[in-house]
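Undergrad: My structure is below; once you've seen it, I'll send some questions.
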């Protein structure tokens, strides 16, 4: 009976630690993803140009598309 009790306690501790590890992983992913700015945030802060604005490179446009020296919508 004592061996069964010890075995159950060990199993409970292992399951508890596994649950803690899995709980931390999504939080780390959320922190990583939240550091990225949305297109609207980048535009609002002036880091990229909006639609129909003069451009010379794709990276200047929020959409990432510079066609005919003007930023595309999408």
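Including glycine, each Cβ sits where the backbone N, Cα and C put it.
The signal peptide annotation in Swiss-Prot covers 1-19. Look at Swiss-Prot and you will find 48-62, 55-66, 61-71 tagged as disulfide bond.
Give me the local environment of each listed feature.
TA: Taking a C-beta cut-off of under 8 Å and a sequence gap of six or more, residue 48 (disulfide bond) has these contacts in its own chain: 39, 42, 59, 60, 61, 62.
In three-state terms derived from DSSP, residue 55 (disulfide bond) belongs to neither a helical nor a strand segment and is classed as coil. The Cβ of residue 55 (disulfide bond) lies under 8 Å from the Cβ of 49, 61, 66, 69, 70, 71, each on the same chain and at least six residues away in sequence.
Around the Cβ of residue 71 (disulfide bond), 21 further Cβ atoms fall within 10 Å across all displayed protein chains. In the three-state DSSP assignment, the secondary structure recorded for residue 71 (disulfide bond) is strand.
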Undergrad: Over all shown protein chains, what is the count of other CB atoms within 10 A of the CB belonging to residue 62 (disulfide bond)?
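TA: For residue 62 (disulfide bond), the count of other Cβ atoms within 10 Å is 21.
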Undergrad: Count the Cβ atoms, other than its own, that fall within 10 Å of the Cβ of residue 66 (disulfide bond), considering every protein chain shown.
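TA: A count of 19.
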